[in-house]
Each structure stands twice: as structure tokens, then as C-alpha cells.
């Protein structure tokens, strides 16, 4: 019955195959009505489309499905649908997808291929002969029922995936406890999949066992187990750490040997000499036999590190071992055993070798024999490394071995790596190998040279001196009397940490230099300002024709013949030559006098760009007129350049002519030396001639007179007698009369007098002209006939002539808008960069754009825009001041329609235009959609230009130009089609009314236009994945209404969402479906195109990956660009998209790319100083950073949108994103990991850009940094990072590490260096060792050397180097330096130091405990003050606690250290003070009104209320400290045993304060007995007891028996006073001891509290101790809040600081015309402008 209903829906009478029928009998389609070939849609005229449809209809003699009646109108997709039980809507979606794919592919083929229906027929015959084991025709397992494939295949697997995802428990369970996406996927790579799962699916297979079914064994983790541990840093990149450790060992050996007195060496007579003290060159030391023997000890270390690696592998991956993976366990066991064996062998033979050498006193024969035997073992040990080096030199052999499934190769490589589907054949070409190898060799050489000479070598002598110090006077109870080694460890700890970190600095330095070199070679930044633009603009027509227009391609019947290949090479050589000529200005300016195809095409492109600038309110009407290029309507014989370029040129030419007495040739040569001056003079002359002829009646004498004058002038010019016949001194007077030509009659009379009296040298000629004039008493009174005022073309050209003649200065400040200048500059510069030649639109690769959207702002609504904050500032007012130029241009655009006030704007369509204006300046979906739809508009323009004849070009193809312009007419400044902004695109492709007519009744131009529009539609699709649009629509939310408006405005826009419908009964679960909709212009309603049922709720992971992947099936074409909803596009950049897509056809190295990286421009940089810092940081990464990653390092990944994916490649390899919960929280980069591991290449291209918004407030930025850092912490655990660390070669591994997770590891090491340095210094100070060792000057040098290493950390200035270099490249060196200095004045260093703390905290906590989660940043404008309690909640653990710890360490060191000189103390601890103060005060420095006194008082009250409010079950953390505190400790629930142990160990450091300080109290009387420390704990127990008594009293008596509660408090106070008095009387106790004790016992209490938090579950939470812990924690939090807020309150009290802080925070906005003081105080003028 179901099949019959479906067959009836597919009635041949209606020709409805694949159509979705709506009311009225009309059918809905997506792009092409493939269900009805009789439709008038222009795309059906293409033979390629019709051939693809016909090919699918050929089913030949395929066995027809038995459960339905087959009709002739059904095709191959229907056959598959009926046979395998696919969904009907899914089949319709794939039908259109396949037809478009085949048609677009055929369009690109040269020559056209044979008809593809033959291949389909052959496939049909092959399929028809298929039989099953019983000899019957094969029956698909999923056939026989509707949606059988969904029911029998998809849902069973989905049920298991859903159950496994539920086991994650939002990240609380470890990754090893459940199967994620990778585990489920990689099971299908294994052979056991074929034997266990089978086909049809074996439902009893253990793969389909759900976690809750404990009675059956299920398939566990597959391929890899993600274990949370800090050891992953070493395990994933063990080759890096082994290399660094071995090199450190070599450097230490050489350094100590260099300064030691060495005995005679017997290596060679030339090297026998006695060394005494002075350091020698390292290569000299290595030439000595003893040094060489010592260096060989690295093999012991190497083998031990291999044991460590094997142990970690076994410890983390043991759960992979099962009956089916015995070989995996065998390999791990053997590696552990072999590593141990090698370690033992090396240790034994190394000790024997040195024993013999020491016994003989020299390198005797026996000693040498032991050495050679040891070397033999070393040679065997490094044989695999030598083989790897050989294969690195010959990468093709390595790739061949890895990509073949031959058994012999599998056996040979079994020991080194598992034979899995990914990570094979990853070696690059020899040329690429050489490039990135040389890069890293330079980096490593610089790093190890610096480390040896400035880190290791200076510490040798001080280390020896420290170890030799005796008679140390300890100031505490020392358990280990020989503390010299501990002191040495404290000295070396920061140095070693810096050694492991500073390779990141050297990478930054060299990447900046290499990136600058690559950028220079790519010709970036050559056009930076108006002067440089003007210098090259005259060759823009040639550049546009060469880069943006298709080259002529001749069809070759034998494309693979040697002749065709030679021709291709010849074309490439010619293109290269033309590009070089174009780039270096060898070609002459385009002087083809304005009528050629090149100039016409460029005029169309340029005017469209400028017109869109006006639609976007970036320029004014006047600037539109100055920047546009008019068409040649007056038969002007030269190119009419924009007025902005030819301004002032006529006056310059007049200056040359005024005193010229030589030949015409010399004069014209000087004028024509400048292209714009030549064109300005000719255009002015010809325009004046046309104007005079147009305004004078032809029957008048004046007309005849001027005609004769112009004929004489033209004749003199042709005969080169102009200078001889006419007086050039009269030209200035004539010019002044022409400028006044607006007052026509008077001007003509004055012009008449000058022409006849002064201009001709021959007076007879003047008398003849006078006789031709009118007989009227007053000349020109009756001869003038002005054009009608509606003739806009004439008056526009007249204004252009006046501008050309009258402008006395170059219009270099046009346009005045900085964004318009930037976009023109970048587009102009890109025309001279290397890019593939553009194909014709119909031959280009088709592509789609996909934007994931959840619930962000679509458009700002009125309430959002006008609601004022506490300072009286609304978002609209804020935008009006930030974007002052845009607002004025918008007002001008509205004024043309009589709308002049803001009130009128709100009255018009409910303020739609005003809402759009504001939305286009925020990070909204409307801004993104407008930008992405520029692709469609650009393709329409380019499709026209591809086929337009010269007549079409010169005439302007007016109908198409008006439709595509849609907004302001570039010639008359009016708006067409009743639209204010040109967004309503009448007559576009998807308007059905434009295709209801036949060819009859339509002119040829309309027919061509429809074909161009159809071509554009076939090449581009835009899908917005609005995940919860169905829910929003059902609830009537504003977002749904705004999305519907966008669909109405942009007819090519498609929206995909997941629809939820209730089940048929109580037990029937909800039904989910992926739905694609559009707005139908004929029906004037939203219509549904496709509905694909899903097996269940699609959100099993993080949400965004699933949102992208579910909508991916609705995209079309060969490529898909992923765009976030905080991005935008530009029309001029959309013109280059077909060039970019050609990159997919080119080899980059040995591979074609799978991802094309696109440059980003951060458009939020002008909002505030923080936004500027973030913009600068992002810009340096997305330009210079990614440039180097792609070339030469070959490790660029996918770091986020807007990269372009090879759509077919990714659809067949798992989609765009991995979606596992928590571990794939940074889903974007896993697409790059996936592509790289599967042997694809990711490139980066900077001739095209896309706009992107960034967070603009400190809290937003901190949340973003936390999300990224947490994501990198999860990446460190992933199999992708592990495989990249082991499957690529060593140097690419270095690139992968230092450009992904390594950056965050090194940020953490920088902070650990500060801690190691400070804790080491405090240890030396409190123990008394520092005083003892500083008695010896040489020992003091040890401390000095250690301090010098700390300054290396301050080389963080090198991290700013990429930013300076990139700005120098694109803006100029002086401007780059000025911007850098300006940033420092605006406290950029404070911001970057604070961000480092954010990254360190969240990265370290994620690796240790987990807890990574998505953090919404809001992406809004920051115009309000953040409360102190909000800042405290966000930064208490990440910054405030750590900052206070650093400051306490510094205070303790200042109190007890040996440095008494203030200057020395400041110099040695400045960086630490800067770090601590920054982490405490930065949130207030970058908080609007952060130092306002009244707000500070209110913030304190709000904080205290928050701390003491206990709340309830439904209270949020924003309202109650208790709730926030519980949420802050959630990560301890997901951490494992070792994570808790490490946390406890780290917390023990706080006990050190008490141990060290109690011995310095006066009450201790100088005793160093351990009893002193033990007695000190009584203070803590007493404090705990007092707190317990007071808490109990407050709970029992505080409310009702207040007097008794007061009495208990008084008793406690009296007791404490008595205790202090007794201590004064009977001990050496002093007042100073009270303050010192705070430094001793407060950190101890925090340490105890931290340990209690770790042990909360399952030990303490349900015990009576826990309420006391909670109470103590509240007191500590309140105390920390007061400590943090105290300097803020003090600074708020100081006068003038608030104004200074406001200036610093909004300095960049000042330069954009924003009055911050007026904005923040809310003193807005009545009637806002």
C-alpha cells in the first residue's frame, strides 16, 4: 500500500518525479526542477543538465522491484529508493545533487565526453546478473518496507552510538570508559568487522551491545584509548622530548668539560694539551676522546626514555588488548622488554669501558676495545633511526611502503606502528622536505647555540662553587644536611624549564622572518595608500582581465597527447611572462581609448564594487560619483577614469602650457607622461565640445561659431600647429570661464570674448568667428537650449567635467571611510598577486557555503538598540559614534526618500532599515547572509561578462546592470525597485514568475540574462543550518521572524533545521528530521523542499559539528566553504572565488589540496583597545602564521572558518567535523588533523579574504581563550595528535607541536618558570642557604647567573615580532612601530600577560582533571561596567589565587632574602611583580568605569551579598557563592586517581610557608628543632576550634538568642587577648610575630582547604567536617575578594585615574570620532544626530 501511494505520487501524467507537491498543484524545487523536464526553467536548456537527467532515466534491463509498479518516468534514484528502502525525500535530494554534479563536471570537460548513459547502461547489465548464495536474485536486507535502510541499518547503529554518548555523562566519565566517534568508526577499518558485524547486520554482534547491558561482552575502545594524564605531553611527542633531553645532556657534558682541567688526551698528538679552567669552543671539546666517551652516555638515557615511552604505551593502552588484538599487546610488551634490555646493556658496557679507562689511566687498547664494543651496540641501537633517515631523504620509497597492503611490508613495519587506515604515506616531496628541514635546522642551531653559551655554560662555575660551599648555617630544621644539591637544583630548575620552552621563541623569530620573505615574494602590501593606488590604477583593466576574466581556451580533441601537453606548458609560460610584466609595471597603461572589452569589463566590475560600497553606507553619494567610472556616452576617445584620480590634472596641464613656447610634440609628451593627465585633458576637451553642442541650438550662429572653433582646434592639433596658432597664455582665462559654465549665458559670453579676443594669434581668424555669431544684441540669449532636468546622464557628466576642471588638490582622502580604503587597497593589491586563471562561470567548480547557527542574534531588534545601560548609553548610540561615517552616509541615503530624523526611521517598516544598518555593524547572522550572497551576485556579474559582446559591454547591458545593482544608480544616485538598500532582488533566478513565459514575448537580452542567472544558481548554493529554527518558529521567537525575512530578501538562501515531532503514542519517541526550506516568491510563503528522517536526536556530541554535518547533504557542488555566523564577505572578494576554486586542480607539492585556507580580516578591531589587541593577535596568526604553516612547513590545519573544503573528499571521509563529546570540543581543527592524517594537503591563500568578528570585552576574550585552551588540552589526549606526533617525519612533527598544543604547553612552562624561580629563591632565603653561599663571590655568581635566566622569560617581546613584521609588510615599517608603541601605551603587555594566565590555567586543568566545555562569549558590544562579583567568579581560580600566591612569595623573599639593595631587588623580581599585579588588576583596568568610586562601592556591597547568600536548589552561581563554589569544583568529579594525587602534591607547597616562617618568629627564640614546627600546628587547630565554636553559636543562637551569641563572641575575644598577653609575658613573642604569622598560617589553611576539596568525594562530603570546610572556604573567598578589591578602591579614590583608564580602554575609538566621556556619562544631546 505504501509503495502504491508513492507510485501514485510519481504519476507520469504530472511529470512529478522527485517533486514535492504543494497546494495549487505547483511543485517545490530547490535549484532546478529536475522532476519536470518540460518546465521553462533556463537551467533545463543546458544540454549537460538534460543529459544528466536522461542518463539517470536509463535503467536498462535492471530487475524491477517486486513490491511496486514500475513506470517509464521513474529513474535510477527511484530504483535505489524502492530496492534498498531509502527515504523518498533523501532520494529527491540526491537526485538533484547528482544531476548538478554530473552537469557541472560535463561543463568543465574539454572536449565534451561521450554520453554517460552508456556507462549507466553497462552498470545496469552488471547489476542485473547478481545472484545470492541460493542462486536467486539478490534481495537487499533493507528492502521490502518503507524507509527500510533507516529502520534496519541506521537505527541499530545509532542506538549504540547514543548509548555510548550517554556514558560520557557530559565529560564526567573518562574517555576510556566509553566508545566515541573514532572508536565506532575505526571498528569498520578492522577485519573483525567483516567477521563479526557481517551483512546484513548481525544484531547479536558484540559491536551492537549497549553499555547498560552488563551481561554481554561488548567491543571496547578501538585503535586508541584516550587516557587523561600529563604524560601525554611526553608520550605524543616523545621524539621531541628525547631530542631535547639528549641535547641538554650533551650541552651539560661539553660545558662542564670546557671549564674543567682535563688530563692528557690520547686521541691524537695534535689534541694533546692540558686544559685549565678557561672555556673552549664546544667543537674543540668534542674532539677529545674523554669528551666523546662521556657524550656516549646519551645512549643510556635514550634507551631509558624508550622504556618510559613503552611503559606509558602499555599503561595507557592496555585496554586495547583483547582476543582479536593479541598482536597489539605482544608489540607493547616486547617494546617494554627490549627497552629494558638495551638500558641494562648500555649501562653495563658503559661502566666497564670507563672502569678499564680509569684503571689504565688512559685510553689503552683494552679501553678502546671496550669503547668499540659499546659503539657496536650503539650502531645496532640506532639502525632503525638510520633507516628512517634514509627513507626521509627518499620520501617516495617510504610512501610506497606505507600505502601498499602487501604482507611483506606489513611485517617489516609491524614493530614501529600499527597498520591502520590513516597516517600512511604522509611524506612530502623532496623539495618540500628540503624547505622545512632547512627552516628547522636554522631554528635548532640558533636555539642550541643560545642555550649553550647563555644558559648552560654560565652556570657551570657557579654550580661547582655552590656544591663546594661548606659550613652552611640553616635557619630551620634541616632533614638533609647536604643541602648544596638542593640549592643547585633550585638554581637549575628555571634554566631547564626555559631550555624546554625557548624553542617556541626561536620558532616565532624565524617564522616571522620566513613569513615576511614569503609575503614579500607574494607581493603583499605593495598598495597601501591612495598614492600607490593611483600609481597603478591605470593598469587595473589589464590586471582584471588577466586575473578575473577567463582566458581563451581552445578545445583539443586529444587532451592527453604530447602536443596538448606542450601547448599547456606554453600557455603556462606565457601566463607567467604576462604576470611578471603586469606585476612589475612593464605593461603600458591601458590606452585603448576607452572602448575595448578590457576597459568595459573593468568598468562594470569597478562600478559594481563602488556601488556596493554605497549600498553598505561606506561612502557618500558624492564619493560614489567621484569613484565611479562613467560609460562612454559622449563618444569620449579616452578611458574615463574615476574623478578622484584625474582631479587637479587639468590644472597641472595648464601650468605646463602657460609658459610653453616650443613644439606641440614636446608639450604633448610632457602632458602624456602621466596617463591620468592625458586622459583628463582629452576628456575635458571632448566633454566641453559635447556640452556646448548640446546646449546650443543647431540653427544658431553661436552653434556654427563654436563648431568652427573646435574644427580649427582639432585641425591644429592634428597638424601639430596648436602652439603656433593659439596663444597658450589665454588658456587659464578660458579654463576659468569653463568652470563657470553652470551659469550658462554669462559664462558663454565671457568665454566668447576670451576665445575671439585672446586665444587665436591670427586676428583674422577671430573676426571670421565673430561674423558667425548671432545677430542678437546680446550673444547666446536666444541660442541656448538647456536639456530637461530629468536628463540625469547629461548633468552627471557635466558635474564630472566641473570636478575635473575645478579641483585644485588631489582627492587623496576619497573615500574618507577607513574600511572602504582598506577594502579598495586589498582588492587592488590582490590583482597583482599570483592566483590561478579564472575559468568561465559555466566551467568553474560549483560550490556551496554552509553556516551553522543556533540562537545568536539574527538582527538587532528595536528594544536591543534603544535600551540604555546604567550610564545612559544604548547600542544604537554607541554604533552611531563608532561608525560615524557610516551613520552620516546612511542618513544621506534615507534623506533621498524624505526620511531625515531617527524618529521617522523607526516609523518606517518598524525601523527595518535602521535595524539592518545596526545589524550590519554587529556580529549578526544578517551581516553574514548579506556577505555570502555576494557570491551569487558576483557570479551573475561574471556570467554576463564571460559571454557579453563588445556591443553589450559598451552599451552597459542596461537591464542586467540595473537588476544586479538593485540599489543606488551610479549615474543618477537614485534607488531602483523601491528598495532602500538594494537587497530585494526582483526577477532573480528563483522567482518562478520569471520563467513562466516562453521564449516568445521575451527579447534576446532577457533570454541571455536568464541563462546567466541559471548558470550562477547551478554553481552556488547557500545553506544556513539553523538548528532549532523549528522550535523558534513554534514559539514565535524574534529569531525565526528575522530568518524568514532573510529568506524573503535573498531568494537563493536555503535554511536547514532539525524538526522535532512528538511520537504517535506515549511509548513512541520523538521523531527527528533534517528539513530544508526556502521562501517561495510565487506562493509568498515558506515552503519545505526536503525532509529526511533521522534515526533519533542528532545532538549526541557538542552540537555544532552535528549541525554542520546534518545540513551537509543539502549543499551542492564540488566544494563547500564553512562560514561562522560572526563572519562576512565582500563583493570584490567574491569575484575571486572561481580563481580560488581552481587551486583544487593544482598540485601543491605532491598532492592536490583538500582544504583551501582563506585569509581573514578581523573587522572588530576599532571598537576598543582590547578589540584592537585581539585583532592584531588574530591578524598576525591568520596571515603570517598560517602563511608559514602552509609554506614551507606543510602543517597548516583547519583552525576555523572560512576555509574551503573539497566537499566530495570530506563527505566520503566522515564529514566536516568530529562530534564526540568533550574531546572534540575544538571541532574545527580535527578537520585539519583528519585531512593531514589521510594524506591530504591544506593550503593557505592570501589573495582573497573574508571578514570575521572577534570578542571585544575582556570577559568575552577570557571565555574564548578558556574554550580554546581547554580544547587544546583535550586535543593532547586525542588519537589524532598522537598519530601526528608519530606518523609524520621529525621536522614536520616539530611544526605540528609548536603550532598546535605545544604553544599552550610552552605558555604553561613560562608560568612554571616563574614559580620555580620564586619558590627556589624563597627556599634559599628561608633555609639560610642563600646567606651562606653569598659569602663567596664565586658562589654569588651562581645566583647572578640564575637570575639572568629569568630575563629570558621576559623575551616575550619576541612573541610580538610576528605582529610587527606583518604590519611592516602590509602597512609600512614606521606605521608598524608606531602601532606597536601605541599598543604598549594602551597596556597591551598587561593584556597579553593576562591572556597567558588564562591559557595556562585552563590548559593545565583540562589535561589534569578535564572539565572542558563550550563557553558562550556573546559576541556583543561591551558598553557596560562588569560587576566585581562577575569578575571574581570568572578569574578567582585562574588569576587571583595565583597572583596573590606570587605576591606573597615576593613579600616573603623581600623579608628574608639576602638582597637588601632596593634597586637590585626590583631588577631581579620586576617580571614576577609585573605578572602578579597584572593577574590581579587587569580585569579592572580593562573594565569600563573600572575605577569609578561609586561603582566600586556598589560592587563591594554586591560582592558581600553574593558571598553570604546561600541560595537553594534552583539558584545559579551568579546569585550565590555556595552554588558557584560547588560548580567550580566539578572538575574533581571527572579526574582520576593520579589526577587527585598530583593535585594533593601540588597543594602541599602551601605548607612550606609555615615550615619556613615559624623558625623566623621571635617566639621561636632562634631554635631549629622540629618541635617548633609541630607546636605551630596548635595555632591552626586553635583557629579551627574557634571557627567551629563561632559557627555553631551563630547557627544556634544568632537569630533568636542574640545576647548569648554576643557573649560567646566576647568570651572568645577575651580569651585571645589573654593568650597574647601571656605570650608577651612568658615568651619572646612580639607584635611583629602576629603579622608574620599571617604569611605562615594563611597559606597553610588554603593548602588544607585544597586537599579537602580533592577528598570531598567520597570521603568528606557526608561527614560533619564538610560544613566547617565550607565555612572556612567562604571566609577565604571573602578575604581574597577584599585583598583584590582594596587596590581597586584605592585607585578609584584617586582623581583623574578614571578618565585616564577610559582613554586607554577606548583610545582607538577616539580616532574614529567617538566621544567616550560623553558616551559613558550619558550626557547625550537632545535630538541625537
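Every residue, even glycine, has its Cβ placed from backbone N, Cα and C.
Averaged over the domain '1,3-beta-glucan synthase component FKS1-like' (96-202), the predicted model has a pLDDT of 73. Marked as domain '1,3-beta-glucan synthase component FKS1-like' by TrEMBL: 96-202.
Under the heading region 'Disordered', TrEMBL lists 1-21 (among others).
Residues annotated as region 'Disordered' in TrEMBL: 965-997 (among others).
Within the chain carrying the transmembrane segment (240-258), a Cβ under 8 angstroms from the stretch's Cβ atoms is held by residues 233-234, 275, 279-280, 282, 285-286, 288, 290-291, 294-295, 297-298, 301-302, 305-306, 448, 451-452, 456-457, 459-460, 496, 499-500, 503, 1285, 1290, 1293-1294, 1297, all 6 or more beyond its ends. Look at TrEMBL and you will find 240-258 (among others) tagged as transmembrane segment.
The feature transmembrane segment is assigned by TrEMBL to 333-351 (among others). Remote same-chain residues near the transmembrane segment (333-351) are listed as 296-297, 299-300, 303-304, 306-307, 309-311, 313-314, 370, 373-374, 377, 381, 415 (criterion: CB distance under 8 Å, separation of at least six residues from the stretch ends).
If you look up TrEMBL, you'll see 406-426 (among others) marked as transmembrane segment. Remote same-chain partners of the transmembrane segment (406-426), defined as residues 6 or more beyond its termini with a Cβ less than 8 Å from a stretch Cβ, comprise 186, 189, 223, 327-328, 331, 334-335, 384, 398-399, 1234, 1236-1239, 1283-1284, 1286-1289, 1292.
Here TrEMBL flags 438-461 (among others) as transmembrane segment.
The annotation transmembrane segment is assigned in TrEMBL to 506-524 (among others).
Residues or ranges marked as transmembrane segment in TrEMBL: 1296-1318 (among others).
Panel annotation: around the transmembrane segment (1373-1395), residues 1169-1170, 1172-1173, 1176-1177, 1258, 1261-1262, 1265, 1356, 1359-1360, 1363-1365, 1367, 1439, 1474-1475, 1478-1479, 1482-1483, 1485-1486, 1704, 1707 of the same chain, lying at least six beyond its termini, place a Cβ under 8 Å from a Cβ of the stretch. TrEMBL lists 1373-1395 (among others) with the feature transmembrane segment.
Same-chain residues lying 6+ beyond the ends of the transmembrane segment (1440-1459) with a Cβ under 8 Å from its Cβ atoms: 1311, 1314-1315, 1318-1319, 1321-1322, 1324-1326, 1330-1331, 1334, 1397, 1401, 1432, 1465, 1468-1469, 1472-1473, 1475-1480, 1553, 1556-1557, 1560, 1636, 1639, 1643, 1680, 1683-1684. As annotated by TrEMBL, transmembrane segment applies to 1440-1459 (among others).
Note on the transmembrane segment (1465-1486): residues 1169-1170, 1257-1259, 1311, 1314, 1317-1318, 1347, 1350-1351, 1353-1354, 1387, 1390-1391, 1393-1394, 1397, 1426, 1431, 1434-1435, 1439-1440, 1442-1444, 1446-1447, 1449-1450, 1453-1454, 1457, 1459, 1684, 1687-1688, 1691, 1701, 1704-1705 of its chain, located 6 or more positions outside it, place their CB under 8 angstroms from a CB of the stretch. Annotation comment: TrEMBL describes 1465-1486 (among others) as transmembrane segment.
Panel annotation: around the transmembrane segment (1570-1590), residues 476-477, 1554-1555, 1558-1559, 1564, 1608-1609, 1612, 1616, 1637, 1640-1641, 1644-1645, 1648, 1668, 1671-1672, 1675 of the same chain, lying at least six beyond its termini, place a Cβ under 8 Å from a Cβ of the stretch. The transmembrane segment annotation in TrEMBL covers 1570-1590 (among others).
Under the heading transmembrane segment, TrEMBL lists 1610-1632 (among others). Distant neighbours of the transmembrane segment (1610-1632): 1561-1565, 1586, 1589-1590; these residues of the same chain sit at least 6 beyond its ends, with a Cβ under 8 Å from one of its Cβ atoms.
Marked as transmembrane segment by TrEMBL: 1675-1694 (among others).
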